[in-house]
Amino acid sequence: MSKIEKLYPIWILLSIVLGLGAGEIPLLRHSMAEMLMPLLAAMLFFSFLQISLREIGEAFSHRTFILSSVGINFIFTPLLAWGIASVLLPDEPAVWIGFILLMVTPCTDWYIIFTQMAKGNTALSTSILPVNLLLQLLLLPVYLYLFTGMTGAVHFSSLITSTLTILLLPFFFAWLIRKWMDRSDKKDKWLATVQNAPILLLCIAILSIFAAHGSLLTENPWLLIRLLSAILLFFLLIFVIARVAGRWLGFSKRDLASFHMTTLARNSPVGLAIAIAAFPEEPLVALALIAAPLIELPALAAAAYLILKLDQ
């Protein structure tokens, strides 16, 4: 593990603090909002660059991992999210919607970075990515209707545009360049040079999120505490459940680390785009998506560290 990787929890917390500070400057706040999608795309490009397509193809043969991940992400997690919201957020319908929107959308970007940090099977994690993406596209309206009583609220054009920008384009260009690199005897040297690029770009993306939208957090402190409690409870329960399930299913250490991250991480950047597009008159819906990184990113960093310790 490099020096940068060893200190990544500190970099994440520092990025959050700097982002909240930058958000107090109007010009910076606007600039950071415009930078978010390109930063996420660049982060994924460097992540995908370090994975060979052959490894991804082989990972698809791991049916137990795929089916168990889908079961937790799309059956168990929505029910757990509804239960937590019913107990902790029953009188806040807008925040309830945001919380459900966050929890029913598995991550399709930065969980790959944390899988790398936890020394997980990155190719296996990448193989589940298109499955997570397709199922959340199909099931999101169903979840919103079942758990919030809303229908027709999701603007899929915004979701598809965001997804194409931060997922498919980086994958395509990474595939082209990796194909060229694989023919060179300098491949290992080049890959070592960009090894820490995803972590650095993740920190800049975090800074941008909090600079652009951090004011919603400071304007609703008590509601924020309740929301963060709900998010923290979710992550604690999912970590334990994934640990028990992964052990029972006989996953290797690398596969178990991947299982943890694909079931823990949520799609807050894309979810935020949906919330802003679908609920422009309800800023509190976006609150859950903005607040999530306050818990999620330190939690994923802590989970990566804990996984390494538990699996020594």
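The backbone N, Cα and C atoms fix where each Cβ goes, glycine too.
What TrEMBL says about a protein is an automatic prediction, not a curated fact.
According to TrEMBL:
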- 7-29: transmembrane segment (TRANSMEM)
- 35-53: transmembrane segment (TRANSMEM)
- 65-88: transmembrane segment (TRANSMEM)
- 94-114: transmembrane segment (TRANSMEM)
- 126-147: transmembrane segment (TRANSMEM)
- 153-177: transmembrane segment (TRANSMEM)
- 198-217: transmembrane segment (TRANSMEM)
- 223-245: transmembrane segment (TRANSMEM)
- 257-279: transmembrane segment (TRANSMEM)
- 285-308: transmembrane segment (TRANSMEM)
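Against the transmembrane segment (94-114), the recorded stretches 35-53, 223-245, 285-308 differ in Cβ pairs under 8 Å, and the greatest number is found for 285-308. If you look at the transmembrane segment (285-308), the same-chain residues 6 or more away from its ends with a CB under 8 A from one of its CBs are 8-9, 12-13, 16, 94-95, 97-99, 101-102, 110-111, 114, 117-120, 206, 209-210, 213-214, 216-217, 220, 223-224, 227-228, 231-232, 235, 239, 256-257, 260-261, 264-266, 268, 271-272, 275-276, 278-279. Proximity of distant same-chain residues to the transmembrane segment (223-245), defined by a Cβ-Cβ separation under 8 Å and at least 6 residues beyond the stretch ends, is recorded for 68, 72, 76-77, 80-81, 84-85, 88-89, 92, 95, 99, 102-103, 217, 256, 259-260, 263-264, 284, 287-288, 291-292, 294-296, 299, 303.
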